[in-house]
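Undergrad: According to TrEMBL, the protein carries these features:
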DOMAIN    B:100-201  domain 'Copper amine oxidase N3-terminal'
ACT_SITE  B:Asp304  active site, proton acceptor
MOD_RES   B:Tyr388  2',4',5'-topaquinone
ACT_SITE  B:Tyr388  active site, schiff-base intermediate with substrate
Protein chains: 2
Amino acid sequence: MGSTVPDVLHPFDPLTLGEIEAAIAIVKKAHGNVFFNVVSLQEPRKAEMTAWLAAPETAPRPKRIADVVVIAPGGKVYDGLVDLAEGKITKWDLLDGEQPIITMEELQLVEHIVRKDPKVIEQCILSGVAPEDMHKVYCDPWTIGYDERYGSSVRLQQALMYYRPDVDNCQYQYPLDFCPIYDADKREIIAIDIPKVRRPLSKAPSQDYHPAAVEARGGYRTDLKAINITQPEGVSFTITGREIEWQNWKFHIGFNYREGIVLNNITFNDKGTIRPIFYRLSLAEMVVPYGNPERPHQRKHALDQGEYGAGYMTNSLSLGCDCKGSIHYLDAHFPSRSGELRTIKNAICIHEEDAGILFKHTDFRDESVIVTRGRKLIIQQIFTAANYEYVVAWVFHQDGTIAPEIKLTGILNTYAMNDDEDTHGWGTQVFPGVNAHNHQHLFCLRIDANVDGSDNTVFVSDAVPSAAPVGSEENYYGNGFYNRRTKLETTAQAKTDYDGTTTRTWEIANTNKLNPYSKKPVSYKLVSREVPGLLPKEGSLVWKRAPFARHAVHVTPYQDDQLYPAGKHVPQTSGDSPLGITTWIGDGTANIANTDLVFWHTFGVTHFPAPEDFPVMPAEGMMLLLRPRNFFAGNPVMDVPPSYCSVPSLVGGGKEGFKGVVDGVSRLAFGEVNGSCCKK
Amino acid sequence: MGSTVPDVLHPFDPLTLGEIEAAIAIVKKAHGNVFFNVVSLQEPRKAEMTAWLAAPETAPRPKRIADVVVIAPGGKVYDGLVDLAEGKITKWDLLDGEQPIITMEELQLVEHIVRKDPKVIEQCILSGVAPEDMHKVYCDPWTIGYDERYGSSVRLQQALMYYRPDVDNCQYQYPLDFCPIYDADKREIIAIDIPKVRRPLSKAPSQDYHPAAVEARGGYRTDLKAINITQPEGVSFTITGREIEWQNWKFHIGFNYREGIVLNNITFNDKGTIRPIFYRLSLAEMVVPYGNPERPHQRKHALDQGEYGAGYMTNSLSLGCDCKGSIHYLDAHFPSRSGELRTIKNAICIHEEDAGILFKHTDFRDESVIVTRGRKLIIQQIFTAANYEYVVAWVFHQDGTIAPEIKLTGILNTYAMNDDEDTHGWGTQVFPGVNAHNHQHLFCLRIDANVDGSDNTVFVSDAVPSAAPVGSEENYYGNGFYNRRTKLETTAQAKTDYDGTTTRTWEIANTNKLNPYSKKPVSYKLVSREVPGLLPKEGSLVWKRAPFARHAVHVTPYQDDQLYPAGKHVPQTSGDSPLGITTWIGDGTANIANTDLVFWHTFGVTHFPAPEDFPVMPAEGMMLLLRPRNFFAGNPVMDVPPSYCSVPSLVGGGKEGFKGVVDGVSRLAFGEVNGSCCKK
């Protein structure tokens, strides 16, 4: 298994450094010095791309187009396209009252300005910060979200304020109670939100997680012995450019500023037939609403991907720390604000893990047995959104299952509280003087479906009892139950919610192709159980701004560029007029049956903080499954070599079974006497 | 870290071979030759045991008592107790109309008798089996469940019939359509259930999963490279007898015929204070109802633990096959039916696994970072219930979380179908002529709670929006939401169900101890999302026989010997009178608040079979979490050595960070040039 770099770019490849540089030069030449907000691949038009994928030798190769967003002097925002082959700008639209994504560089500026602002200094002093200690004041700058007092024409941030007695202290232990508002064009503080009840700076001794603090508390535990994971024969995947092949899977691994990892053209080699499954998979948006209704906390509802970008915020990963074993990394390239280049090394980690038992069966008669171990492939990134970290893993299994998995770690967003203060149930005191507010993390999985072809249909699938009563002829003993499948015909019908009482799933099916045995349409089923629903109410600010989160599932007919369900430019939207997915749903009559469709699924967790989450949170995970159902004609992993298999004819003859992938390195923990590896 | 064997047995230890032998000898001496159904530890009375645990040096050590069940000539069933120190029988009760657990030996007998029965042979011939091929006819003998035509006084089994053209064929491809009924006392077939519509033996070519079949189809895949997992410094746990200590956890690992693994006296060392959490954890019962209401399929609803035993059916595990890495095994000992001894070697596997990122945080200002990897401890068994295998893992995390995890694999139970037959939605054709019926796998987790002491209280915990409307002063922006906690006071109130709309959890709290910061009671929260509910209707046969499955949660006051919620003797119960948990719930008025309580949780999956599950099922997993909430005063894993940590003062000074557990063996997949292990 190896890695090769082809001579020519794949149309799904992110822009290279050279392409970003070229796009910047073209824009600069035409429009002078501007701030570069986005320079990213405009993904090929699907019709063109599909034609090319079907016949790469003969069909025209889709053009390389850069999607460009800039902020010109005076805060003017332009949305443009650059044709890289032609070297020309093909679109250059001035936006009206829209704010593009906030870059890390913009965020970095705020703290410096906050520290020097006289009114902020005044508030700091009022809070108990010594005037000479302003360098110990920090802020997490967030987009303002939406504040009706200011609207969306001025680019604003809110500065969530903290203090560090020592530079190495975790600042979230020392929140300040006021909130400066920053104008990004003027680079100044234009207002400060000050609460009615004041909460002076906490004097509690710190409880940090860094080595010096742990040493002072008695040091690290010493009873954890190393686990080594090695692949002496190499890895089981092959990479060509950014296309990966592994265990019958093949797909392209893209990456952009917004969604981070994007997987395209996911296919499965079913005994020689390359079967398409998904045209594109990504996390398209997220929202983290906080549940404290007191002003100005309603503004805490980060749409992190649209407001800051899961690509822009992604971590440079470390071998052996973020991921163990035999790892392949891919880098990410972005423009800097001024038009330089920025590379995030090791933005994506690709590796395999043992997945435990893939299947096993023992015949109770003679103990003839088969046991086969599974393997999984993990495509992973980690991004830091101010206090939180999100570990996003796309996990592929040999049996055709894709399991997107998200782990939350990092630090709670915190607010100041007084000793005797009642949190009114909107938050929890996790440390003296620290109120961590209730919140949700809701993610929107975008599935551009391609199950055995582009014409797909979604069914809601419920497990329900027979309607016939106990004692009736049809259901005498009362045990009848079945799978009720409801076809979704229109975008209005497709607004569906999770139902725990029927352990609801959704099937993305191709009704034009039936399984040879079950005679049911080939399908992929979404199994998702962490579906809390949006707790902010209908008509609330969050409900308006994050329309994708109103239902667990939406389905829309495919259209190019309908990628971001809270709108392309998310900061400071009010949600008062339709945006993103609400515009694509339209009047609800559009057909979504047996057509090229996009399936949107919002899932996540509701988090009521507790002290064990502080000062840094042990990772909390959630996973969902995209499982083949009636897709294959049989178990697709029977040809994975078993660890051991004996059959009745051998057992009967007293013979040894088949040793497949014998694990010669597993050992007894304490060197006791035991049978040899695998079956006696 | 090591393993030592103390001189004296722990009161929770299962009976040793010597003790089983002694108990058998005592019974034989008193009652002659009987069939030994059960010879198992009667666990110590809790009051005695708690006193001893509190003062093992001074309090009396609980006696070793054997719980004995025998079948005497004439099918008479006796339930007895043997005091092993005194060498005497202290209880010997004749049961009336109760059938004890079916042993593997009893099951093994049926096939031989079925093959010779003239009426069965007649049916086989009618089905298309040649008279000389009766040795190719197989049966999976199940307890009859309950059949009102026969009641419970005669010990009966139903024989689910199959055919193997070749001895190595998977028989589930060739089901036969009739069902003989076997009398275990007479050792003869007393009736045959014959369906109205006949379904002759399938002639479809086989599709097996064994090596010869895979070779004939082109052979095993060759592109899977080994993953080696080693612990050169040894494991991180210590075993003393059957007590394990690992990462602040300490508990006793028991095992019995019925529940398999039993974990007792689970404590966590919280900075020097040994805090009890659970007195006992086990899977106490399960039920697998099939959803085809046509006779006699209503009898397919195995209560596998009560009817056959998760201990009796457990696999002997293989190093490197069932579990990889550095493994410690424990054996299990049982009586044979005639009073000999039977040992299942390697019945329990104990090992550690890397658990990915435990926590991580990067400061976006300077990229100072901490990344710490987690570890988990796994106590695992696998049992085979005829066609299915159940992989049961008790997973302990460093952060105080316990995550019981079950994987299903093995083979679908199948029934014959004709080519043009309509399954009426009760099943799926997974292979030509093979109808796999809808079914559920429902497990009952028994939690004998001991959260910081024995007096505990259960709260239902729901995530709900503020009642105040959008635009009101209390909830102007509509984002308010909170954690609604409802105290359960009585056994009647405690009958609660999962609510997906509030992502319901349950808290087992000690209201006598408050968290120092949050001021909330210390608690363990059950997070369980695979809660389909029992699909057989209220009043149905399954509903009557499996009362634990009527609700997701029940709570009862603790009483010795209230272990098995479908009754102690499960085969052939009708459920017409109260049994198991229904008797313990009683009239519903018993107090369960601030008292010693047992929490019962039923969870699982609903399975609508598909062809990819056949002929052997890729493992399907489910997991639930018992998480500390407001239990600790802060993150309990800050002293786990990080892989890497840099702090702002070091980053500012251009210095390297702290390298904790540096992984020196992780490598780049393709040997590309990259930074060294861990942070640059």
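Yeah, the Cβs are placed from backbone N, Cα and C, and that goes for glycine too.
For the listed features, I'd like the structural context: burial, neighbours, distances.
TA: Note: B:Asp304 (active site, proton acceptor) has non-local neighbours B:Met286, B:Val287, B:Val288, B:Ala310, B:Met313, B:Ala385, B:Tyr390, i.e. same-chain residues 6+ apart with C-beta under 8 A of its own C-beta.
There are 20 other Cβ atoms within 10 Å of the Cβ belonging to B:Tyr388 (2',4',5'-topaquinone).
In the three-state DSSP classification, B:Tyr388 (2',4',5'-topaquinone) falls within a strand.
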Undergrad: DSSP says what for the domain 'Copper amine oxidase N3-terminal' (B:100-201): how many helix, strand, coil residues?
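TA: Grouping H, G, I as helix and E, B as strand yields 32 helix, 27 strand, 43 coil.
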Undergrad: Tell me whether B:Asp304 (active site, proton acceptor) sits in a helix, a strand or coil according to DSSP.
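TA: It is helical.
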